[in-house]
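Here the structure is laid out as structure tokens; the discussion comes afterwards.
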């Protein structure tokens, strides 16, 4: 009976020791679980910080792209204004050239009328002289006067024709000069248009490069966040596996203690 009591006491001590170990192991497991939960919270905060950084980078990139678009629009407006100014200048020059041509044409018409009046005056004078010669019955003098008048008329006709030809040449020269000026203005407009197009084409690749860089940065940050999430998940799984291993070890220890106690009871 004494041995039975001693064995029972020993079994109780072993059971108490096993329960104490189980309590300690459970406390350790709870501590590990708390540590894992704290790590999970820290990792979640880090992931949220990285996501916030990604959002800030996205906003900055969007602001940069909008600034570049605004700059391109301002350049387009400036180019449009320059083209309109050149077109207006060309129109004014064309109007001035037309006015000059019209003035030359009017001047030639006025000169033609003056020449006709002078010719009529000379003809009238010749007729008067012829009447006077007929009245004076000076046939020879009349013939001489008629010859002189005819000669003067012919000379005036030649002079008038030469003046008309000179006016026509001047009008043609002014027309050629006006056409050359218009062609020069059109060439300037075409050069400005080509320069504007080249500037716009140069800005568009810069915008595309910035967009590609921004997309690459966003993808890199997203990949980093995904890697951190995978690492956090792996750490949580490792912590859970460690806790499960500790629980199995504790259960094995408890079972061993129970088996030892049962063996001692059997021995007693």
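Numbers here mean position along the shown chain, with the first residue as 1.
Cβ atoms are placed via backbone N, Cα and C, with glycine included.
Look at TrEMBL and you will find 6-25 (among others) tagged as transmembrane segment.
For 37-59 (among others), the entry in TrEMBL reads transmembrane segment. Long-range Cβ contacts of the transmembrane segment (37-59) within its own chain (Cβ-Cβ under 8 Å, at least 6 residues beyond either end) map to 214, 217-218, 221-222, 224-225, 228-229, 231-232, 235-236, 239.
The transmembrane segment feature in TrEMBL is assigned to 65-87 (among others).
Counting only same-chain residues 6+ beyond the ends of the transmembrane segment (99-123), those with a CB under 8 A from a CB of the stretch are 149, 152-153, 156-157, 160, 163-164, 167-168, 170-171, 174-175, 178. TrEMBL lists 99-123 (among others) with the feature transmembrane segment.
The transmembrane segment annotation in TrEMBL covers 129-150 (among others). If one looks beyond the transmembrane segment (129-150) by at least 6 residues along the same chain, the residues whose Cβ comes under 8 Å of a Cβ in the stretch are 122.
The transmembrane segment feature in TrEMBL is assigned to 162-187 (among others). Sequence-remote contacts of a segment are chain residues at least 6 beyond its ends whose Cβ falls under 8 Å from one of its Cβ atoms, and for the transmembrane segment (162-187) they are 86, 89-90, 93-94, 97-98, 100-101, 104-105, 107-108, 111-112, 115.
According to TrEMBL, the feature transmembrane segment maps to 207-231 (among others).
Feature annotation from TrEMBL assigns transmembrane segment to 243-267 (among others). Same-chain neighbours of the transmembrane segment (243-267): 7-8, 10-11, 14-15, 17-18, 21-22, 25-26, 28-29, 32-33, 36, counting only residues six or more beyond its ends whose CB sits under 8 Å from a CB of the stretch.
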